[in-house]
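Below: the structure, in structure tokens.
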Amino acid sequence: MPKKPIIIGVTGGSGGGKTSVSRAILSNFPDEKIAMIEHDSYYKDQSHLTFEERVSTNYDHPFAFDTDLMIEHINELIAGRPVDIPIYDYTQHTRSNKTYRQEPQDVFIVEGILVLEDKRLRDLMDIKLFVDTDDDIRIIRRIKRDMEERGRSLDSIIDQYNSVVKPMYHQFIEPTKRYADVVIPEGVSNTVAIDLINTKVASILEESKKA
């Protein structure tokens with residue numbers, strides 16, 4: 001039976017630096033079998049809806065995610081079996097018809113705004129991190145990312161932030177902070193916190209290799 005991989009959950013508000021923190025951990029272990037799985041990949045398929053309906057979907061609500069499939073995939077990876085992870089198309093606001101093959105690893109970083117919201121997912125994690133970043137910084141980062149990478153207009157980003165992103169953060173995301181083992185203020189720029197986390201991960205990996 002394969003050894004259980006280390007599962008690290010990384011969450012926080014949109015634009016808060018979750019991905020940067022995750023990449024900082026990934027880059028610290030270049031010689032290890034380590035990979036990141038994004039909750040965003042598991043947004044539900046909306047191909048049955050019109051484009052206008054897809055645009056108006058609340059993507060910051062737990063119902064927007066197929067977390068059941070994500071949990072199923074992580075359990076498969078824990079068991080040592082590869083999975084085919086969906087690829088989400090942000091320009092069309094639905095899943096594409098493509099997937100990518102994820103092989104079993106020694107460490108998985110599970111990243112997303114709501115990865116600590118579901119107890120079943122939390123229970124699979126060995127380390128749970130919450131990236132805590134000021135609201136003003138998050139909205140600036142979100143505007144830059146969505147305009148450059150996702151083809152969004154400034155007006156649509158601001159409207160979505162005020163009507164959906166901000167209220168959903170306070171209703172669903174911020175409350176999951178209580179489940180975190182470590183809260184990281186200011187994200188990846190908090191080098192002390194990142195170093196401590198990397199030291200902990202290295203320690204767990206070393207113990208796992210001895211077992």
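For all residues, glycine too, the Cβ spot is worked out from N, Cα and C.
What Swiss-Prot says about this protein:
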- Gly12, Gly13, Ser14, Gly15, Gly16, Gly17, Lys18, Thr19: ATP binding site (BINDING)
Checklist outcome for this item: Residues near Thr19 (ATP binding site) by Cβ (under 8 Å) yet at least 6 apart in sequence within the same chain, in sequence order, are Glu111
Next on the checklist: According to DSSP, collapsed to three classes, what secondary structure does Lys18 (ATP binding site) have?
Outcome noted: helix
Checklist entry - Can you list, in sequence order, the residues of the same chain other than Gly12, Gly13, Ser14, Gly15, Gly16, Gly17, Lys18, Thr19 whose CB lies within 8 Å of the CB centroid of the ATP site? => result Ile113, Val131, Thr133, Arg138, Arg141, Gly187
